[in-house]
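Trainee: Below is the structure I would like to discuss, written out as structure tokens.
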Amino acid sequence: MGARQSRASSKDKGPKRMLFTGRRQKFSPWDDALLSGRDPRSLLKRGMHHVSFSLVTRGMTDIPDFLWGLSEVQKLNLSHNQLRVLPPEVGKLTRIVVLNLCGNRLKSLPREVSLLQCLKVLFVNMNCLTEVPAELSLCRKLEVLSLSHNCLSQLPACFADLSRLRKLNLSNNFFAHIPMCVFSLKELIFLHVGSNRLENIAESIQHLASLQIFIAEGNNIHSFPRSLCLVTSLELLNLNNNDIQTLPSELHLLCRLVRIAWNPMDKGLHISHNPLSKPLPELVEGGLEMLFGYLKDKKHT
């Protein structure tokens, strides 16, 4: 019996010692690789199409230096850390296709981002950016750019050169107007400018002939511009929570809007929480077909 208790006691102590050791030896994956003499490249994940490396939610305040030697990396995820600076050495990662910097504390991006000539997707949302370097416009392959939840009020005019950009998120910033360079992005299919300080939508919006999703909710927009009705490719138009009082008779031209939408994810026209007087809110609630009919009749009377 005593021997059993002794063995049981020994078993109880074993895991506790292991747990204690685990806490003391809790190395990050890259530290573990370096301490064991392994090549950091062994941490790379090789998928069918991309070589990726992830350091998500590590509590990092600095990026480990060895990373800049991993020239093979094509997808790099550094999101949800506490990074305050992206060093210029990022320019060494010339094969990067996807770079995720979401959820850090970055106040700026280095000019060396211009060296990332393969970059197609860049997430810098949920940071502290007050400006974006003009050099980013040299990343001519860029297709997706998220700058939401920052402190931006303008974009460099040369962003008009991002001719392949298809999705742009500028929501939750301090824009008083949509930057003019945006209206030169002919391939844009998604534009989110919600929760800014917009009071109007420029007539130039009509130049975005490929736009399918336009979100401008949560601003202080006073009028629904007729030029927006010329963007006939729109499938989702969200103008919720603004100061719009009337709808243009040309609204029926947006024939790809299939319904009055209430769920934020649904395609259609989102126009709730506006002080509509003409047409009456009750008419809007009757559905898009009734609304279009009313606006057409109004136009011919």
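Any Cβ shown, glycine's included, is placed from N, Cα and C.
Bear in mind that the values here come from a model prediction, so they are computed numbers and not experimental data.
Just lifted these from Swiss-Prot, have a look:
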- 72-93: repeat 'LRR 1' (REPEAT)
- 95-116: repeat 'LRR 2' (REPEAT)
- 118-139: repeat 'LRR 3' (REPEAT)
- 141-163: repeat 'LRR 4' (REPEAT)
- 164-185: repeat 'LRR 5' (REPEAT)
- 187-208: repeat 'LRR 6' (REPEAT)
- 210-231: repeat 'LRR 7' (REPEAT)
- 233-254: repeat 'LRR 8' (REPEAT)
- 265-287: repeat 'LRR 9' (REPEAT)
Trainee: Same-chain Cβ contacts of the repeat 'LRR 2' (95-116) under 8 Å, 6 or more residues past its ends?
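Mentor: Long-range Cβ neighbours of the repeat 'LRR 2' (95-116): 50-51, 71-89, 122-133, 135-136, 138-139, 146.
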Trainee: What residues elsewhere in the chain lie close to the repeat 'LRR 1' (72-93), defined as a C-beta under 8 angstroms and at least 6 residues from its ends?
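Mentor: Contacts of the repeat 'LRR 1' (72-93) (Cβ under 8 Å, skipping residues fewer than 6 from its ends): 41, 44, 50-63, 65, 99-107, 109-116, 118, 123.
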Trainee: Mean pLDDT for the repeat 'LRR 2' (95-116), rounded to an integer?
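Mentor: Reported value for the repeat 'LRR 2' (95-116) is a mean pLDDT of 98.
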